[in-house]
């Protein structure tokens, strides 16, 4: 190692020698060969020996099928009176590279065996390396005398046995930092921060890995010292507490920290360094002392952390939080934007958002320097920019609660989320009904479906994931190997797709899922906007039908656009609600394009860490969920991250059964078939009403803590298989309708109470008569004795609208109009029911009533089946009955008025040939007298009466009578010899000749008025009375004629 390359490395060495190393794959120095490995057999013990420190021996185990079926782990034990190390590797390739997990390294120390619990998690041979560092006496001699004795030969034994471990049976490995901070006040925080330093700095650079490698060599001796020496243990703890400000800076800011080491820091580093030197064997001291001498470990005061990291090749990359991502408007030139953007951001780095595998159209990312929020706002003002936002950081949604020590169970007995019998104080059946699902789907030929796990990557080498994982992409490191260096993504994948009935580790939910690993989160479980957006688009373009997003952070329009893109391609998004336990969902769970999933526990209660609120769709088991980690162990983790893959797997099963399902249909099936686990709380009126935060009115069956309920994958899967779908049901409906496979037996239930039952018809529909149900009640439609159950919320219908009523007259015997279909219309007058009738399918009604008087007010309402009554339509009975024909007195040709009687107050009209010649209102008694001009006899008059409503009577025909008598007839001379009386009068009049009232004769005058009435001869002097009577009976005055004596 060149001096320039290792300057200041001792600072990190002094810290990391005490790190609780739980790094997933730790590279080690001095790789050996495994070609000569000696095979071990279960239950056998082999003897071995070493002669000099540094020697290595190799062994291998090739488990039989019976061992894999019976045992979850192999307990490998190496015993000997010396200081050394044992490492176990999953395969020969890793053995030759010295890559393994911390769980599978153990120290051999004085009087204590090295015991490693290796899970049956890989196929093929496992390799064991045993290393010899020296004896405890040799180390003590070095400390006390400063001289090394001749190496001593040592013996050891090695063997393994099968074991089945429960979660509490597998212990954590011992390390110096954990021994020093265990149960101390600041211990947990120090460990947390140092692990972040490891994940974010040391695991990402060669120099950092070299320090970690050196740690493995010294760890056994430090552990041995602190186990028996409380003073040393306390000293390490005190020095670590002094250095805590440095750990905090590194954990928070990484290589961006501007912290400068103080004199106090230097002193603590020196003390830790001395403890190391005093407690390692002689063969290790030269390597450590050489580095310390070259760099001057005691000259670090005033040096900045960032400088130390940069000069030693440990600076990883610029922080994501000082960048801005920009979306350009369609058709806008990128070159023009770049010119303007450099002026705003003062940046020389403007790049398109892309990875080697995909890119985001019209999106650019640029270095903003300080205040990225301000830069984003200024960039949004440019005419070329659709939107701009800072690059955010997103995190895995697994709980920070320390997991239960690892365990594995080849029978999946500990997977309470698949079958909950009440084990471990749980609640029976508080699971997703996997056992029944398995019996159902194993009888079918399910199609493959690609489920993308956009996460920390996936370890595809595990036996339980063999042939389950297809090639993906690593956006965190920009390569084609989406390997999981954190563990979260593998844990998620195990829940979805671990092999079923293969005797390895655990059971996955979807047997035909193909996992597309898309790594967007780094070794610390974090990732930025750009990588996540690219990962989503990549998953869509690679054919994923479901995307699992067990991660969360702030809202991002960049990510939202890719979620919208996924939805447009019929890709179902399933996202974790978050682990803050607050009334607000994490993003992207809060997106309308995502199925938002919260977490429940083994008691069927929503976990206290599970974020909730508006938009939560459902919950699934997420507390203490066992699944695979890259180290091969099945381990408990808690979080909405663990709940989400349960739902993603369920969504995949629905799509395997029916690939034509669209995302919203998938969401609907999963939520409608979920089991209600809501806890009813007492309802209290708020002390005051806050208009800014109105109370949300929730749909029946929904609550914002558990959404629509806990996932029931068996019911959801069968719902698809049966083609079961229900039309909306309201409190007015008298039947429930929908679709189902012909012959499906259906029962509508209220809890355990049967409401109605029926069977799907041959055409795949059903219609079951029911009595109207109460609004907002939640019912269940159960198919085929429980293989599927869909939630049916009775929708509350609004009060019917006020009927529209046609005018009603005093002559009508029906009330007609329009009202809402299915309602009953009632007609009342002064609260008395006159009649009622149902509204037909066209919204028309016709209610029979008795005739009502004009002016009567009618009240018409519509009442629904659910007894809701509309506002009343008020109408007044119209007077449409005309007055009776007026009674008109005779009108003579001399009259100047027409008189008679009609309806009181009516207006009387007198007309001749359609022309009104007079009108007059009748008095209160109906008497009228209409003034007219004299009319000729024979003139025809029409008399009508019109009431106040405008109704007019039939016309009375009146002919003007002739009431004018003829003039006195002109009579010629009459003698005593005449037998006729002649003269002239009114034409056609009848002339009467009388004597003393007795008619002597009569005769009708001709057309000219001449008359000649025959009489008997009268004596001279007789006075005759001659009158003329016209056709109307009018008689003229008499003409007096005295009979004369005839003279010749």
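From the backbone N, Cα and C atoms, a Cβ is placed for every residue, glycine too.
Just so you know, TrEMBL annotations never went through curation; they're auto-generated.
Positions annotated as signal peptide by TrEMBL: 1-29. Under the heading domain 'Peptidase S8/S53', TrEMBL lists 448-684. Taken from TrEMBL, the feature active site, charge relay system applies to 455, 488, 641. Summarising the annotation, TrEMBL assigns domain 'Bacterial Ig' to 727-786, 800-879, 883-962, 966-1044.
Where TrEMBL records a feature, it is marked here on the structure.
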residue	record	DSSP class
455	active site, charge relay system	strand
488	active site, charge relay system	helix
641	active site, charge relay system	helix
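Model confidence over the domain 'Bacterial Ig' (966-1044) stands at 93, taken as the mean pLDDT rounded to a whole number.
All protein chains shown were included, and the count of other CB atoms within 10 Å of the CB of residue 641 (active site, charge relay system) stands at 32. Taking all protein chains in view, 26 other C-beta atoms sit within 10 angstroms of the C-beta of residue 488 (active site, charge relay system). Spacing of residue 488 (active site, charge relay system) relative to residue 455 (active site, charge relay system) is 7 Å (Cα to Cα, whole number). Here residue 641 (active site, charge relay system) is positioned 10 angstrom away from residue 455 (active site, charge relay system), judged by their C-alpha atoms. Take the CB of residue 455 (active site, charge relay system) and look out to 10 A: across all protein chains shown you find 31 other CB atoms. Sorting the domain 'Bacterial Ig' (883-962) by DSSP state (H, G, I as helix; E, B as strand; all else coil) yields 0 helix, 39 strand, 41 coil. Counting residue by residue with DSSP, the domain 'Bacterial Ig' (727-786) contains 3 helix, 30 strand, 27 coil.
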